[in-house]
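What TrEMBL records for this protein:
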- His43: active site, proton acceptor (ACT_SITE)
- Glu75: active site, proton acceptor (ACT_SITE)
- His197: active site, proton donor (ACT_SITE)
- Asn7, Arg18, Asp198, Gly220, His221: 3-amino-2-oxopropyl phosphate binding site (BINDING)
- Arg45, His50, Thr105: 1-deoxy-D-xylulose 5-phosphate binding site (BINDING)
- Glu157: site 'Transition state stabilizer' (SITE)
Amino acid sequence: MAKLSVNLNKIALLRNSRHTGVPDVETFARAAHEAGAHGLTVHPRPDERHIRRTDVFMLDRLMRPWRPGFEFNIEGYPEPRLMDLVAEVKPEQCTLVPDAPGAFTSDEGWKLGPDQMAVAKPAIAQLKALGARAILFVDPNPDVVGRAVEAGADGIEIYTGSYAQAFRDGNHAEILAACAETCARARAAGLAVNVGHDLNLDNLSPLVAALPGLAEASIGHELTADALIFGWADAIARYKAALAGQ
Ligand SMILES: CC(=O)[C@@H](O)[C@H](O)COP(=O)(O)O
Ligand SMILES: NCC(=O)COP(=O)(O)O
């Protein structure tokens with residue numbers, strides 16, 4: 001069964017909209033662990049719009065007794081502040097994204113042409129020297145798999161935002177096939193395959209069914225929205241069930 005890594009970005013976003021510390025990121029991290037999530041994901045963006053560096057250090061301390069089985073996945077662009085943070089925290093996994101500092105969200109993967117390869121390859125070497133699994137966030141495009149291998153990645157995370165949009169539009173067959181082919185080619189190349197972005201309780205099951213050998217889904221935005229209806233623990237249980245094909 002693919003693992004569920006709960007992304008805490010949107011808990012932090014709500015917290016940052018007041019100066020009261022509510023909702024408390026630690027409380028929701030602890031509750032996610034108790035609810036059976038397999039790990040936590042954070043994306044400490046340069047502008048700290050949601051997850052702050054202080055959150056990352058807090059989560060590192062909180063998760064120590066639970067790791068390495070319960071994994072910490074830190075996402076971000078491999079600029080010095082992120083790489084220094086990762087070197088200090090040593091998460092089990094680091095997912096590199098090609099986001100510009102002010103990006104609205106992560107809405108595309110690495111293409112890994114010469115310029116991006118010159119950034120990604122040394123960053124991946126640094127991550128592996130730290131003992132972290134190095135994951136590259138890529139579009140659902142089988143042709144990028146070979147370049148991810150050349151970059152030295154341990155795995156890929158397939159960006160599923162375009163799949164989620166096509167699913168909403170009712171015409172997701174083609175992009176789902178692209179996700180499936182990207183997954184198959186990556187698995188054949190010995191890479192771990194994760195997925196993430198805009199996954200929800202409607203679009204997750206068909207994706208899981210089409211991607212045998214999927215390792216992990218990192219989910220935050222829609223899970224947090226669902227938790228406003230079902231509660232945090234029940235939302236996590238529902239996403240785990242969807243990942244288990246139930
Ligand atoms: C890489 C990815 O798709 C998400 O994990 C990303 O963290 C979303 O960032 P925002 O939560 O800032 O939209
Ligand atoms: N890598 C994807 C992630 O961590 C969460 O993305 P989303 O569910 O917030 O869109």
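Every residue, even glycine, has its Cβ placed from backbone N, Cα and C.
What TrEMBL says about a protein is an automatic prediction, not a curated fact.
Features recorded in TrEMBL, as mapped to the structure shown.
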| residue | record | Cβ contacts under 8 Å, 6 or more apart |
| --- | --- | --- |
| Asn7 | 3-amino-2-oxopropyl phosphate binding site | Leu40, Thr41, Val42, His43, Gly196, Ser218, Ile219, Gly220, His221, Leu223 |
| Arg18 | 3-amino-2-oxopropyl phosphate binding site | none |
| Arg45 | 1-deoxy-D-xylulose 5-phosphate binding site | Ile51, Gly76, Asp99, Pro101, Ala103 |
| His50 | 1-deoxy-D-xylulose 5-phosphate binding site | Asn9, Lys10, Ala12, Leu13, Asn16, His43 |
| Glu75 | active site, proton acceptor | Thr41, Val42, His43, Cys94, Thr95, Leu96, Val97, Ser106, Phe137, Ser218 |
| Thr105 | 1-deoxy-D-xylulose 5-phosphate binding site | Gly161, His197 |
| Glu157 | site 'Transition state stabilizer' | Thr95, Gly109, Ile135, Leu136, Phe137, Val138, Val193, Asn194, Val195, Gly196, Ser218 |
Inset, instruction - Could you check what DSSP calls His221 (3-amino-2-oxopropyl phosphate binding site) once collapsed to helix, strand or coil? - result: helix
Legend entry - Other residues, Cβ within 8 Å of Arg45, His50, Thr105 Cβ centroid (1-deoxy-D-xylulose 5-phosphate site): Asn9, Leu13, His43, Asp47, Arg49, Ile51, Ala103, Ser106
Inset, instruction - Look at the recorded positions His43, His221 and tell me which residue has the greatest number of other C-beta atoms within 10 angstroms of its C-beta. - result: His43
Legend entry - Cβ under 6 Å from ligand 2: qualifying binding-site residues of Asn7, Arg18, Arg45: Asn7
Inset, instruction - Return one of helix, strand or coil for Glu157 (site 'Transition state stabilizer'), based on DSSP. - result: strand
Legend entry - recorded positions close to ligand 1 - of Arg18, Glu157, Asp198, only those whose C-beta is under 6 Å away: none
Legend entry - Those residues of the chain, 6+ apart, with a Cβ under 8 Å from that of Asp198 (3-amino-2-oxopropyl phosphate binding site): Thr160, Gly161, Ala164, Gln165, His221, Glu222
